[in-house]
Amino acid sequence: MNSFFPSRKLGQNFTVNLSVIKRIFAFVKNLNPQAIVEIGVGKGALTNYLLKLKIPYKGIEIDKRLIEYLLVEKILTEDQLVKGDILKKDFNSFFENLSPLLCGNIPYSITSPIINKFLESKLRSFVLMTQKEFANRLLAKVNSSDYSAFGAFCQYYLTITTVFKIDRHAFKPKPKVDSTLILLEKNKSVSYDFKFGLFLKQCFNQRRKMLINNLKHFFAVDYLLNIIQKQNLKTSIRAQELSPCQLFNLYQNICNGKN
């Protein structure tokens with residue numbers, strides 16, 4: 001593929017550093033997955049290692065040029081290759097009676113939607129390479145400048161672990177920022193509720209505003225004050241001052257108690 005030009009529209013930045021590829025593979029191998037679903041096969045740099053695990057594998061690729069290359073070069077079979085947009089795929093349909101590990105180098109523009117689809121699915125673990133800044137927001141501490149609605153949402157449902165940081169020079173074409181490999185593991189003790197995410201978006205809508213002011217267009221102020229006080233919180237509290245668990249407790253009390 002000497003004449004191949006990465007697509008800016010698809011956000012293609014291929015991992016070309018062999019040391020990084022081997023580190024990712026070693027980490028995935030240590031997780032001892034039952035099966036693998038790789039998002040964005042690309043030219044198959046990581047794929048060639050993942051196939052050595054000799055476990056069920058599916059690779060998702062949207063670029064028709066790469067699909068042809070992967071099949072012509074016999075890197076993947078028709079059965080192993082899933083063609084099309086990952087956001088239009090049912091994550092639960094890849095394997096029956098198996099819980100595959102999801103992994104991939106994801107374009108920044110679709111990282112949040114993919115994580116949401118992962119949360120909605122039955123899959124339990126996701127090894128994700130993403131922009132360093134995005135990873136920082138996912139892992140941000142309460143009351144920090146990076147703490148956000150989506151970060152709090154993910155932290156409530158997931159255990160998020162930084163695996164290692166990856167320099168931008170490990171990719172071709174070289175992106176403007178460094179990347180981070182993270183592991184997302186679902187917390188078994190909580191059930192997914194997408195409406196919690198909608199609630200958080202409103203809570204964090206204007207960070208400098210008090211929580212009550214961000215929610216008063218949806219709930220009566222007296223009603224909000226009563227619930228906040230029952231949670232032993234100050235009435236001037238802001239969303240970014242609350243932990244994911246505190247925010248979920250407020251969500252349950254505010255939304256479930258609404259007449």
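Start at 1 and count along the chain as shown; that gives each residue its number.
Glycine is no exception: its Cβ is also placed from the backbone N, Cα and C atoms.
Counting every protein chain shown, the number of other Cβ atoms lying within 10 Å of the Cβ of ASN105 (S-adenosyl-L-methionine binding site) is 24. Under the heading S-adenosyl-L-methionine binding site, Swiss-Prot lists ASN13, THR15, GLY40, GLU61, ASP85, ASN105.
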C-beta crowding around GLY40 (S-adenosyl-L-methionine binding site), within 10 angstroms: 24
Other CB atoms within 10 A, centred on ASN13 (S-adenosyl-L-methionine binding site): 24
Neighbouring C-beta atoms (10 Å sphere around the C-beta of ASP85 (S-adenosyl-L-methionine binding site)): 9
